[in-house]
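Feature annotations, reproduced from Swiss-Prot:
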{"type": "DOMAIN", "residues": "4-167", "note": "domain 'EngA-type G 1'"}
{"type": "BINDING", "residues": "10-17, 57-61, 119-122", "note": "GTP 1 binding site"}
{"type": "DOMAIN", "residues": "176-351", "note": "domain 'EngA-type G 2'"}
{"type": "BINDING", "residues": "182-189, 229-233, 294-297", "note": "GTP 2 binding site"}
{"type": "DOMAIN", "residues": "352-436", "note": "domain 'KH-like'"}
Amino acid sequence: MAKPVVAIVGRPNVGKSTIFNRIVGERVSIVEDVPGVTRDRIYNSAEWLGKEFNIIDTGGIDLSDEPFLEQIRAQAEIAIDEADVIIFITNGREGVTDADEQVAKILYRSNKPIVLAINKVDNPEMRDQIYDFYSLGFGEPYPISGSHGLGLGDMLDAVRAHFPKEEEEEYPDDTVKFSLIGRPNVGKSSILNALLGEDRVIVSDIAGTTRDAIDTTYTFDGQDYVMIDTAGMRKRGKVYESTEKYSVLRAMRAIERSDVVLVVINAEEGIREQDKRIAGYAHDAGRAIIIVVNKWDAINKDEKTINVWTEDIREQFQFLSYAPIVFVSAKTKQRLNNLFPLINQVSDNHSLRVQSSMLNDVISDAVAMNPSPMDKGKRLKIFYTTQVAVKPPTFVVFVNDPELMHFSYERFLENRIREAFPFEGTPIRVIARKRK
């Protein structure tokens, strides 16, 4: 099941980004120091009382070309469309403003749970000023201070109470769930329609457990699949449609419910920063990934074109070095018949468990070939390695001191594991822990 989505909404200068950063905390930091992993600060993962959720800072979406009220309306629309719970931020120092009332009118029609928070209530004396905010019609307001971190616990308790009840996926374990993600107009819908052609047995179109998503279930060559639609493939005409950052938000839920993610790139437009943002989220979520270059029929080519494109993709998506690349045309159906076998392959690799004895032989040989460097007179000592999870395959390396496991050596071990076992298409995790 996808994580609940929480959106932070409010007029400018009420402190939305400060509260966003407070809630996500250290999760804002870049996890991997690899070129090409682009972070977008408008969304992130957070956790409260053991429950993980995604949080959107609508104020981070660039709508500077729009009139003021249109910006507010666009933020509210994004929250209404995407969120399970909305945090409505106001400013306690300024009281209720006309802009607050404009936001309230839009949110009030949403039928979504609204948690009203009054920011910049930095001392107890200011709490007497909160009563005016009852007029906005969202019940008890929560006085908070984003800059000092005050009151956030009570606010998050209220947010968590509104999370939807968890539902189990209704599909058998051997069903492969995949999604096509990408910027607007890269051809996701065209690929989907071409895939659901005459050779496919379409079982049903049913509403998914995630709001506004359609799960298309079908069978091909005896294998059951679920194509998890991003809502953006079926909805058009919103005021924020031209805002490319928004395509990341639409992809988040589909990615989390998928086993395999097909990152679709438009060959006519080339690789854009937004392609890397979307792919980075799928990578961070630990999903199996295939890079699909669509509209291959629409560009001029010679015998070197595929190699040039492949080199460019490998350079710009260095964090996806494991992902296979397929050049397709939804229009002519060129190479589309390669997609299902590849989806099956990377799905199998995503779930692969390796024997501990073979794994430890690989690690021992790697250490013998390239011992870890000394650090302040100490050397990393590896005692043993075990696989602790799949989807993605995750390995714990028990060592004398995890601080001695440098990122470069961790990457070296990952590469040796990849050389020894079939992990094409899936990220793998290598974690150092101190042996007890």
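Quick reminder: no glycine exception, Cβ is built from N, Cα and C everywhere.
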Which one, from the binding-site residues Asn13, Thr58, has the smallest tally of other C-beta atoms lying within 10 Å of its C-beta?
Asn13
Of Gly10, Asn13, Lys16, Thr58, which binding-site residues come within 10 Å of Gly182 (GTP 2 binding site), going by C-alpha to C-alpha distance?
none
Select the closest residue to Lys188 (GTP 2 binding site) from the following binding-site residues, measuring between CA atoms: Gly10, Thr58, Val121.
Thr58
Would you mind reading off the Cα separation of Lys16 (GTP 1 binding site) from Asn185 (GTP 2 binding site), to the nearest angstrom?
31
Residues in the domain 'KH-like' (352-436) grouped by DSSP into helix, strand and remaining coil:
31 helix, 24 strand, 30 coil
Which one of these binding-site residues, Gly10, Gly182, Asn185, Lys188, has the sparsest Cβ neighbourhood, judged by other Cβ atoms within 10 angstroms?
Asn185
According to DSSP, which kind of secondary structure is Asn13 (GTP 1 binding site) found in, if we only use helix, strand and coil?
coil
Local confidence of the domain 'KH-like' (352-436) - pLDDT mean:
94
I need the CA-to-CA distance for Thr58 (GTP 1 binding site) versus Trp296 (GTP 2 binding site), whole Å please.
35
Including all protein chains shown, what's the count of other C-beta atoms within 10 A of the C-beta of Lys16 (GTP 1 binding site)?
24
